[in-house]
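Database features, via Swiss-Prot:
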BINDING   His54, His56, His111, Asp130  Zn(2+) 1 binding site
BINDING   Asp58, His59, Asp130, His170  Zn(2+) 2 binding site
Amino acid sequence: MQIKRWFLNNSLRNYQYLLYDKSHAIVIDPLKSDIFAEFIAKNKLQLEAILITHKHGDHIAGVKKLLAIYPNAKVYAYTENDLFKPDIYVKDGSFINLGFTSFRVMYTPGHIDDHVCFLFEQERALFCGDTLFNAGVGGVQAESADINQLYDSLVKITKLDGDIKPYPAHDYWLGNLDFALSILADDSYFNYYRNQVAELAAEDKPIVNLAEEAKLNIFIRAMSDKALLKALPDYSLGREMFVKLRQLKNNF
């Protein structure tokens with residue numbers, strides 16, 4: 001299946017994603033229903049599934065309107081929320097075969113306790129919601145957020161094949177790289193990507209694979225990068241370094 005990406009240019013800088021082939025469509029975390037409905041109608045597709053990574057409003061606001069247009073579409077989510085109940089409750093390791101494609105569910109709490117990611121192995125794509133961002137990770141402001149769970153979820157993602165591409169729900173490239181450079185100012189990867197994305201519209205920013213993400217993401221590098229021991233000598237690599245970086249990012 002092909003992957004269509006839109007940037008909403010709202011205050012949260014949301015990305016929206018749709019997978020499609022000649023006949024079928026899958027929507028991920030719809031905030032704005034109209035862009036999906038227009039594309040599906042124009043290309044004469046059938047909306048088969050709506051996948052929800054977590055229940056924050058900017059990931060579910062468009063679900064009810066899409067279901068009004070496409071009542072046969074099935075909603076997949078870890079838990080219910082204030083707007084709807086899913087047709088199919090998913091859990092860690094759930095494997096869903098839709099016939100025209102399939103996906104596996106990864107339970108990735110930390111940003112919020114109901115967060116999941118959707119791994120499409122054939123498409124080599126991971127829809128990672130607010131767990132992993134380009135050059136960053138999700139925030140831990142929600143009531144059910146847990147910084148240690150977020151670390152464990154990130155570790156789980158880093159164990160996937162390096163050629164898989166993560167598709168995060170927001171464009172936070174610049175802010176994340178600016179934070180990374182505040183810690184490691186001379187780092188070649190941080191500087192390279194900061195220069196690369198500085199002048200790009202969000203729609204044109206690169207979609208990198210996990211192998212490349214591991215080089216440009218300071219939170220992944222917290223697991224093993226000895227350069228961080230010089231920058232933050234009071235903290236050991238791994239969970240302790242990750243937690244410290246996430247705390248510093250909260251106030252950046």
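Every residue gets a Cβ built from N, Cα and C, even glycine.
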Task: Excluding His54, His56, His111, Asp130, please set out which residues of the same chain place their CB within 8 Å of the center of the CB atoms of the Zn(2+) 1 site, keeping sequence order.
output: Thr53, Lys55, His59, Ile112, His115, Gly129, Thr131, Gly138, Ala142, Ala169
- prompt: Given the binding-site residues Asp58, Asp130, which one's Cβ is surrounded by the fewest other Cβ atoms within 10 Å?
  reply: Asp58
- line: Between the C-alpha atoms of His54 (Zn(2+) 1 binding site) and His170 (Zn(2+) 2 binding site), the distance in angstrom, to the nearest integer, is 14
- request: To the nearest whole angstrom, state the Cα distance for the pair His56 (Zn(2+) 1 binding site) and His170 (Zn(2+) 2 binding site).
  value: 13
Query: C-alpha of His170 (Zn(2+) 2 binding site) to C-alpha of His111 (Zn(2+) 1 binding site): distance in Å?
result: 14
Message: Between Asp130 (Zn(2+) 1 binding site) and His59 (Zn(2+) 2 binding site), how many Å separate their Cα atoms?
response: 10
Task: Could you find out if DSSP has His59 (Zn(2+) 2 binding site) as helix, strand or coil?
output: helix
Task: According to DSSP, folded down to helix, strand and coil, what is His170 (Zn(2+) 2 binding site)?
output: strand
- line: Long-range Cβ list for His59 (Zn(2+) 2 binding site), cut-off under 8 Å, min separation 6+ in sequence, same chain only, gives Asp29, Pro30, Leu31, Ile52, Thr53, Gly129, Asp130, Ala169
- request: For the recorded Zn(2+) 2 site formed by Asp58, His59, Asp130, His170, name the remaining residues of the chain with Cβ within 8 Å of the site's Cβ center, in chain order.
  value: Leu12, Asn14, Asp29, Leu31, Thr53, His54, His56, Gly129, Ala169
Message: Let me spell it out: for each of the binding-site residues (His56, His111, His170), count the other Cβ atoms within 10 Å of that residue's Cβ, using every protein chain shown. Which one has the most?
response: His111
Field: Assigned element (helix, strand, coil) containing His111 (Zn(2+) 1 binding site), judged by DSSP
entry: coil
- prompt: Does DSSP put Asp130 (Zn(2+) 1 binding site) in a helix, in a strand, or in coil?
  reply: coil
His111 (Zn(2+) 1 binding site) and Asp58 (Zn(2+) 2 binding site), Cα-Cα, nearest whole angstrom: 14
